[in-house]
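**Q** Per TrEMBL, the feature compositional bias 'Low complexity' maps to 1-11. Look at TrEMBL and you will find 1-107, 537-614 tagged as region 'Disordered'. The compositional bias 'Basic residues' annotation in TrEMBL covers 14-26. Annotation comment: TrEMBL describes 357-391 as repeat 'WD'. The domain 'BING4 C-terminal' annotation in TrEMBL covers 442-520. The compositional bias 'Basic and acidic residues' annotation in TrEMBL covers 537-548, 574-585.
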Amino acid sequence: METAPKPGGDAPPKKNKLQAKRKKPRRYWEEEETAPTPAGASPGPPHSKKRKQEFRPQRSKNTLIQKKSWISKKPQVSKKPREQRNPEPQRTLSGAQDPFPGPAPVPEEAALKFRRIDKSKKLLHSKSKTRSRLEVAEAEEKETSVRAARSELLLAEEPGFLEGEDGEDTAKIRQADIVEAVDIASAAKHFDLNLRQFGPYRLNYSQTGRHLAFGGRRGHVAALDWVTKKLMCEINVMEAVRDIRFLHSEALIAVAQNRWLHIYDNQGIELHCIRRCDRITRLEFLPFHFLLATASETGFLTYLDVSVGKIVTALNARAGRLDVMTQNPYNAVIHLGHSNGTVSLWSPAVKEPLAKILCHRGAVRTVAVDSTGTYMATSALDHQLKIFDLRGTFQPLSARTLPKGAGYLAFSQRGLLAAGMGDVVNVWAGQGKGSLPSLEQPYLTHRLSGHVHSLQFCPFEDVLGVGHSGGITSMLVPGAAEPNFDGLENNPYRSRKQRQEWEVKALLEKVPAELICLDPRALAEVDVVTLEQEKKERMERLGYDPEAKAPFQPKPKQKGRSSTASLVKRKRKVMDEEHRDKVRQSLEQQQEQQKQEKTKPTGTWPSALDRFVR
């Protein structure tokens, strides 16, 4: 605080010690001149203004250059020494230097596995705005694939196969030996349900692989959490059960009974009875489309939209009784096996089959498609087991003759093929996911107490569920399932609230039934032939081209500049520019043709007319 001056005194007021020590506040436009301190020396106290020496640079050429640069408009950046250009590597909190700075490198092969954009196909005559958007989308997709490949290293679980000792055949290893070798949690996944009174049984696992539903021929229907062995519901419908399927969640179960299709909840309460779907033999549910496909004895393939409860379409296969049906998980196409040895592919958007494949000389007994949509396995009355390529060729890749023939087939998530032949189940393995199973020697073999009537691999578990005349058997098949699951898509440990939220999101992202086709990648392409044909028909119907460019009409101007002569002059100027562009394009095309004609392939004999070429 300031002290009041004495009356009559001319001396200035004295200041306190705090005010004397207080510094002048530093402004952002003021530059503080600090002398560089040598390495290892501590900075000294600030110098006072009296001791501060004024630095006066000598007049030299450098000062003249600095003045010129200050006068010039372009800013000149002073060059830094080489030591300052290369920044020092970042150090951690402990002070240690990172020996591997920057993000971890990702191999191209790992990133290509997650790519979704095909760069081999490019749009012709695309606009600059469209091209820029495509480039941005490609860059984002590339960055996403690199992130996915880098995060793949964090996956803890890895697939493993059963390996025998030197010269030991894995097909001779029994289930009891596998149960003794694995841990207690995995050994609990192998069990047998003795239900001879109501068999034979058909079974189905939910999408998460946590719940199991099965139905017997004599009306026994049950659903349980097979991991904890907790029974959800158990009823007897007093009618023959031909097939059973979970819908989009484990809360709804579709049962194909002797007469009609019935929908039950997980408490065994009947919710719907759909009488338009009668005498059903097989069921298939399409999870991304919310469609329930049914095959009937009358030869009709019916699609039921379970989200709204309406029948989308009913297709007549014209092939008699339909008793063999499966779906392609890759493109949601339904495969039907017929008594004449053919397999037909169906989509609800087309009334005729998308393709017909002659597979066997006898009636087809069973069909299975792997998870990648690459291979299809079929078996018929001629005791032949064949694997076909579904990538446009539909040619058989391998075949094997079985003693009794396979009545039921199933593919696992990693490409293992299981076949039920009487009371024996054989499993063939390949090199991995998306590879062709080798039919030379079986990977595993197991004998049951009854004849097989249903096969399905459990998702995300190395378990094969078998429904037979004596009940239900859960087999251990090492290396069959995908070890890591997507918690946002199929979470086996989700709660009731999470299931409800997932159901709402799945309904919002439902794929329309019209988009089901053989090649899903073709949906992003433009059908140029059909587009040109529609444009031509529209021109014939209207008598003119509605998409033609309108002639140039100059805008009227004021102050006498919109006279007739000026308007004609402006029109002619625009027409001349368009004409120049056309001439320039034609000249460029001619030059390209001349270059192609001059560059002849090596090794060709010279012609007698080459001497006239200039």
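Any Cβ shown, glycine's included, is placed from N, Cα and C.
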**Q** Apart from its near flanks, which chain residues at least 6 from the ends of the repeat 'WD' (357-391) lie with a Cβ under 8 angstroms of it?
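**A** That would be 324-331, 335-345, 397-411, 413, 415, 417, 419, 433-434, 436-437, 439.
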**Q** What average pLDDT does the predicted model assign to the domain 'BING4 C-terminal' (442-520)?
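**A** Over the domain 'BING4 C-terminal' (442-520), the predicted model scores a mean pLDDT of 92.
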**Q** Under the DSSP assignment, what numbers of helix, strand and coil residues are found in the domain 'BING4 C-terminal' (442-520)?
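**A** Computed counts for the domain 'BING4 C-terminal' (442-520) are 17 helix, 22 strand, 40 coil.
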**Q** May I have the DSSP-based helix, strand and coil counts for the residues of the compositional bias 'Basic and acidic residues' (574-585)?
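**A** Within the compositional bias 'Basic and acidic residues' (574-585) the tally stands at 12 helix, 0 strand, 0 coil.
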